[in-house]
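Pulled from TrEMBL:
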- 25-49: transmembrane segment (TRANSMEM)
- 140-381: domain 'AB hydrolase-1' (DOMAIN)
- S220: active site, charge relay system (ACT_SITE)
- D346: active site, charge relay system (ACT_SITE)
- H375: active site, charge relay system (ACT_SITE)
Amino acid sequence: RRPCAMDWQVLTRELSLYLESQVRVGFLGSGVGLSLVLGFGVAYACYYLNSIAKKPQLVASNDRFCRFLEEYCPVVTETYYPTIWCWEGRVQTLLRPFITSRPQVQYRNELIKTADGGQISLDWFDNNDSSYYPDASTRPTVLLLPGLTGTSKESYILHMIHQSEALGYRCVVFNNRGIAGEELLTPRTYCAANTEDLEAVIHHVHSLHPSAPFMAAGVSMGGMLLLNYLGKTGRDTPLMAAAIFSAGWNVFESIESLEKPLNWLLFNYYLTTCLQSSISRHRQILEKLFDMDLVMKARTIREFDKQFTSVMFGYRSVDDYYEDASPCLKLKSIGIPVLCLNSVDDVFSPAHAIPVETAKQNANVALVLTSCGGHIGFLEGIWPRKCTYMDRVFKQFVQAVFEHGNKIFSM
């Protein structure tokens, strides 16, 4: 979108007033310094409005789905203005956990048993004070899936619950095995391809509240897991719809991107150590099946998956695991409405690996692609502490599904 005249006038005027109040006219002995600063500021504002602030690309083959989103989730058609001083993808990715607030949420924990003798930790936000849905049996429920080593304590999960609370909805967070403080009862953790635990959780939540509208939202690896589940089940799921944020669509491309020197330094090595930390306290039960000394020597996610994840879930090689874990290969089989938000500058999911053409072949799928935002970043505003663009997409889409979903379910 080319900026309108009002955008330019307002931004330039506000920038000039601010700089005039902060910079002395006597800088460098004259008004030259102020003129240089103002000139740079105006040039930067022009660049920002021309090249950074843009409307997202909405990819959907179903005109009815598009119209539904335009009417009830208009944020996906509006210009996204990334935080003017940190719009680059890596910077957004790194800063979000430190900048964004952490809303207070009181959980009710539940441990459920699995068929193999393990246990899964669920954190419930019941929202019993909901004035919109005082009847718990029919209160809409959102299942939330955090990222690779994330739990219910992640800031992006807390913000989703905060948004849901305002709408009167109930939330339940699916913590992957062994990372939320509970003990591993069997030598098994989790991966992006195996959906057995997710299926058990969805069945459990639905059985507790069979009359309640039910949908799910997954972030990063949680989004990949949710997509793989939906690709496997088609329409045979109690979920009405799903929202996916910053999913890695092609694991091969994601891993290759994360192994580039700068990305390895900023993200890959850190995440590898997080994975190792998440299993180290379960070493006693895991070392019955794995060479834990070798696993703890991994310096990349690929090495960790080669020595641990792919072995745990019975894959012949890490490449076989990555192929099975890639949601792009299952996108055609999804049978319920799904909205997927990605930024094209996300190093975890490179732009060329986003399955735009495949998405156009499934009427149930809509992609929203922003030019900036990084990985689970999507910061906006001068000081992006509270609400991000991702939070607004989540809130509007969840509300649209629960309150107007009948308009798309007959697609």
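Every residue, even glycine, has its Cβ placed from backbone N, Cα and C.
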Checklist entry - Given S220 (active site, charge relay system) and D346 (active site, charge relay system), what distance in Å do their CA atoms have, once rounded to a whole number? => result 11
Checklist entry - How long is the line from the C-alpha of D346 (active site, charge relay system) to the C-alpha of H375 (active site, charge relay system), rounded to the nearest angstrom? => result 5
Item to check | Same chain, 6+ residues apart, C-beta under 8 Å of the C-beta of H375 (active site, charge relay system), given in sequence order | outcome: G89, Q92, T93, S220, S246, S343, D346, V347, F348, S349
Checklist entry - Tell me, what is the mean pLDDT of the domain 'AB hydrolase-1' (140-381)? => result 97
